[in-house]
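Encoded as structure tokens, the structure appears first; notes follow it.
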Amino acid sequence: MAKLLWCLLITISFSQAFGHEDMSKQAFVFPGVSATAYVSLEAESKKPLEAFTVCLYAHADVSRSFSIFSYATKTSFNEILLFWTRGQGFSIAVGGPEILFSASEIPEVPTHICATWESATGIVELWLDGKPRVRKSLQKGYIVGTNASIILGQEQDSYGGGFDANQSLVGDIGDVNMWDFVLSPEQINAVYVGRVFSPNVLNWRALKYETHGDVLIKPQLWPLTDCCES
């Protein structure tokens with residue numbers, strides 16, 4: 001009986017950590033500087049990417065640099081990286097090389113961020129609160145690898161690890177969605193106001209995740225929306 005109960009507890013714990021969960025109106029909260037607090041996500045799609053769009057909300061301590069979204073493979077730890085460097089701006093990395101979108105500061109309020117890239121042209125786009133920055137080019141012809149380790153709250157300097165507390169996010173992150181294609185400007189603006197266009201890599205409304213260390217789940221602080229999925 002004791003052995004059966006132990007197996008049942010393990011099964012329940014596993015389903016809570018890795019089962020699909022609707023995270024609508026919720027956010028992951030990272031309350032302090034740490035090298036051990038992070039959230040690992042599992043992608044719905046395992047295929048290589050010739051394009052992507054990542055959208056999310058971040059509400060962070062803007063007095064320091066921090067990682068926003070880290071997607072590592074065993075051949076490239078910065079396969080996809082979205083990072084804020086204080087005094088410089090947002091950088092987007094694809095397959096290692098990165099490009100900077102200069103910004104002296106970001107608002108001390110929740111900010112909606114979308115990053116897109118496509119292999120065919122190398123075009124990278126960064127959208128902040130529904131407004132685009134100037135397009136740039138990076139890694140034309142590259143293919144993003146598969147079997148990724150996807151981490152929120154830390155930058156990966158090795159596959160699934162190598163965290164540095166000085167690069168950790170202090171604050172909230174949520175509404176994380178990812179597609180294997182580039183959303184149109186109209187779609188990005190619709191996502192900004194609350195609509196979701198069937199995310200097929202990461203879906204906040206059916207998220208497969210596991211929290212590690214001091215990470216909390218709390219109601220989101222940005223505007224609540226009830227728009228339906230398309």
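A Cβ is built for glycine as well, from the same backbone N, Cα and C atoms used for every other residue.
Curation does not apply to TrEMBL; its annotations are automatic.
Database features, via TrEMBL:
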{"type": "DISULFID", "residues": "Cys55-Cys114", "note": "disulfide bond"}
{"type": "DOMAIN", "residues": "24-223", "note": "domain 'Pentraxin (PTX)'"}
{"type": "SIGNAL", "residues": "1-19", "note": "signal peptide"}
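Mean predicted confidence for the domain 'Pentraxin (PTX)' (24-223): the pLDDT average there is 95. Ranked by how many other Cβ atoms sit within 10 Å of their Cβ, the disulfide-bonded residues Cys55, Cys114 place Cys114 at the bottom.
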